Amino acid sequence: MDTMSLLMQGFAVALTPESIMFAVIGAILGTLIGALPGLGPANGVAILIPLAFSLGLSPTSSLILLTSVYAGAMYGGRISSILLNIPGDEPAMMTCLDGYPMALKGKAAEALAISAIASFIGSFIATIGLVILAPILAKFALRFGPSEYFALFALAFATLGGITGKNQFKTLMAAAIGLMIATVGIDISTGVQRFTFNTLELFEGVDFIIAIVGLFAISELLFFLERHAGDGLKQVAINKLKLSAKDIIKVLPASFRGAVLGFVAGVLPGAGASLGSFISYTLEKRVSDKGEFGKGDPRGVAAPEAGNNGAASGALVPMLTLGVPGSGTTAVLLAMLISLNISPGPMLFQQNADLVWGVIAAMFIGNLVLLLLNIPMVGIFVKLLSIPPKYLMPIVTLVASVGIYSVSHSALDLYFMVGFGVAGYIFRKVDIPLVPIILGMLLGPEMEKSLRHALVLSDGDWSVLFNSGLSIGLWTVAILGLVLPIIVGPIVRAKMKKSKESVKDA
Amino acid sequence: MRINDRVFGMLMLILAVAYGWEATQFPIPFGGHESVGPETFPIMLSIILGISSIYMIVRPDPDEAWAPVPMLLELSVVVLSMLAFAWAIEPIGFMPAAALVVSFLSWRMGASIAKSLITGVTSSVVIFFLFNNVLELALPLGLLEF
């Protein structure tokens with residue numbers, strides 16, 4: 001089969017010593033980033049982009065490094081869920097439900113090991129899914145014309161809030177703000193200056209990497225200060241690992257089910273990893289009702305963890321094949337691709353086949369590394385987790401600024417970064433989501449270009465945007481994605497809250 | 001209280017109008033009008049932002065509490081310290097500037113003065129050598145250059 005031989009070529013790229021080294025470094029960094037509370041995957045990847053960029057790494061190496069960080073962060077998120085009862089990132093929330101009770105019962109090591117195995121299964125199955133689905137979708141997407149692309153971008157924004165989104169208008173507003181920032185600079189196709197106010201620094205537009213680091217990392221620092229969270233939290237002591245093959249076999253079915261559900265949730269627009277782990281957990285609870293869910297059932301650890309990792313890999317499918325990311329972290333990975341001058345989308349699989357397949361193969365290897373790393377070395381990560389944020393956050397901020405500074409050696413970029421940090425703090429205070437802003441900055445130029453192409457081809461007739469079955473379908477999904485959460489959202493959120501509270505009462 | 005959303009929505013409405021108006025003022029590009037000019041997309045955006053800010057003003061969400069005034073002042077001082085770091089990185093040099101800002105931040109986050117100084121100095125020296133010598137990204141030496 002064609003895919004098989006391409007994948008084998010990918011392994012040839014991924015098995016070079018250099019690639020393996022970057023996969024290992026990425027896996028370690030990623031686990032750390034995921035484990036530290038307040039340093040979610042999007043944040044961590046954002047800080048590393050300017051570094052990878054200014055180090056002059058090749059596109060393949062940078063992507064391998066950052067996808068391993070991404071995968072590692074998904075593994076790491078579970079450590080603080082289990083030991084601190086605080087999810088390292090949002091999708092790890094469901095792991096708290098059974099992971100923390102297990103740790104309280106003195107089974108922290110088992111919970112960590114089981115979740116590592118489940119994470120591995122989740123990512124592994126989802127990566128296989130990616131191998132099968134991505135080329136098909138990419139081939140299909142070749143039929144997209146500019147008006148379909150315009151509809152697709154609209155769909156991406158409309159579904160970004162997700163089924164659990166609170167206020168759709170705020171998502172819309174955030175997207176508009178991001179797209180507006182993207183219009184600053186010299187217009188590519190006409191050469192007209194837009195919103196530059198004749199400032200030389202604005203001619204090239206606003207660099208989205210600076211915006212990402214500012215919005216995520218700097219605003220997080222401000223929130224830490226405000227909450228007086230500098231001392232860190234008390235964690236449960238870790239015991240000696242006693243895990244038999246029987247225990248592992250017992251959680252395998254749960255992991256497989258979770259992995260498949262998670263993958264599907266990751267691929268679908270608007271679902272995302274949080275929903276992936278939530279569905280996996282609730283389904284597992286229903287399928288095997290004899291267990292002690294919420295009181296430390298191992299299957300309650302395995303299912304959401306497999307779901308969350310499956311969704312993480314699934315989310316790469318739309319990002320790679322259509323150039324439309326479905327989550328914050330994949331948006332940041334898209335930023336990486338764009339700044340390396342690689343345009344994602346269906347052509348990626350034809351023009352940069354060795355890169356794509358190299359990265360996919362690296363995901364398999366990174367996963368294996370993560371599994372091997374996470375079982376024996378979990379103690380080291382746990383130790384690092386106990387470094388209080390009051391020492392760590394300033395250093396992270398410093399590393400972030402160094403990265404930004406070294407891209408173009410300009411202090412002005414740092415002022416911009418701090419400015420975006422303050423803006424991010426205010427946005428978060430009024431509940432404006434940050435991810436649509438980033439996505440707007442990333443997709444803005446492409447979105448405007450497809451609008452232009454579509455209307456030039458139709459000679460200014462706006463109905464061209466809705467004249468093919470495909471684009472009408474995309475618009476329908478977009479509108480559903482915008483309207484459904486207003487109806488369904490409160491119900492799903494109430495259910496998530498209920499299952500969380502029922503655990504607290506127990 | 002539902003003040004936050006109202007005020008923010010108002011600000012965004014002003015932005016939407018100003019942005020949209022500015023877009024209509026673009027000079028006509030060389031080669032004359034096209035069906036989609038440089039102003040078409042921005043005008044669409046200003047309409048979307050306008051609609052969503054009006055919704056925010058009319059149906060605001062409950063407020064998330066703002067920090068008390070002393071905390072807001074402290075946050076402003078922290079922001080100023082980062083701006084000062086950005087300014088100082090070239091004339092004064094990376095190491096002294098970074099040592100100062102990291103110590104200050106970690107002291108404000110609750111570390112004792114001695115410990116925050118140790119954190120600041122070690123991290124800035126380690127990062128400087130890591131970047132300059134291992135990763136070969138030149139950071140300015142500033143005053144230490146002789």
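Every residue gets a Cβ built from N, Cα and C, even glycine.
TrEMBL does not curate its annotations; it predicts them automatically.
Quick look at what TrEMBL annotates:
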- A:20-39: transmembrane segment (TRANSMEM)
- A:20-439: domain 'DUF112' (DOMAIN)
- A:45-71: transmembrane segment (TRANSMEM)
- A:111-137: transmembrane segment (TRANSMEM)
- A:149-165: transmembrane segment (TRANSMEM)
- A:172-193: transmembrane segment (TRANSMEM)
- A:205-225: transmembrane segment (TRANSMEM)
- A:259-283: transmembrane segment (TRANSMEM)
- A:322-343: transmembrane segment (TRANSMEM)
- A:355-385: transmembrane segment (TRANSMEM)
- A:391-407: transmembrane segment (TRANSMEM)
- A:414-444: transmembrane segment (TRANSMEM)
- A:464-492: transmembrane segment (TRANSMEM)
Would the transmembrane segment (A:172-193) count as touching the transmembrane segment (A:322-343), if touching means at least three Cβ pairs under 8 Å and pairs must be 6 or more apart in sequence?
no
Short question: which residues 6 or more past the ends of the transmembrane segment (A:391-407) have a Cβ under 8 Å from it?
36, 38-39, 47-51, 53-54, 207, 209-210, 213, 217-218, 220-221, 224, 230, 413-414, 417
Can you check how the pLDDT averages out over the domain 'DUF112' (A:20-439)?
82
Do the transmembrane segment (A:464-492) and the transmembrane segment (A:111-137) come together with 3 or more C-beta pairs under 8 Å, pairs six or more apart in sequence?
no
Would you say the transmembrane segment (A:355-385) and the transmembrane segment (A:20-39) are touching, if the rule is that at least three C-beta pairs must lie under 8 angstroms and be 6 or more residues apart?
yes
Counting CB pairs under 8 Å, which listed stretch among A:45-71, A:111-137, A:205-225, A:355-385 touches the transmembrane segment (A:259-283) the most?
A:111-137
If I count Cβ-Cβ pairs under 8 A between the transmembrane segment (A:45-71) and each of A:111-137, A:205-225, A:355-385, which range comes out on top?
A:355-385
Within-chain partners of the transmembrane segment (A:205-225) [C-beta distance under 8 Å, separation at least 6 from its ends]:
38-40, 42-43, 46-47, 49-50, 53, 181-182, 184-186, 332, 335, 338-339, 389, 393-394, 396-397, 400, 403-404, 407, 413, 416-425, 427-428, 434, 437-438, 441-442
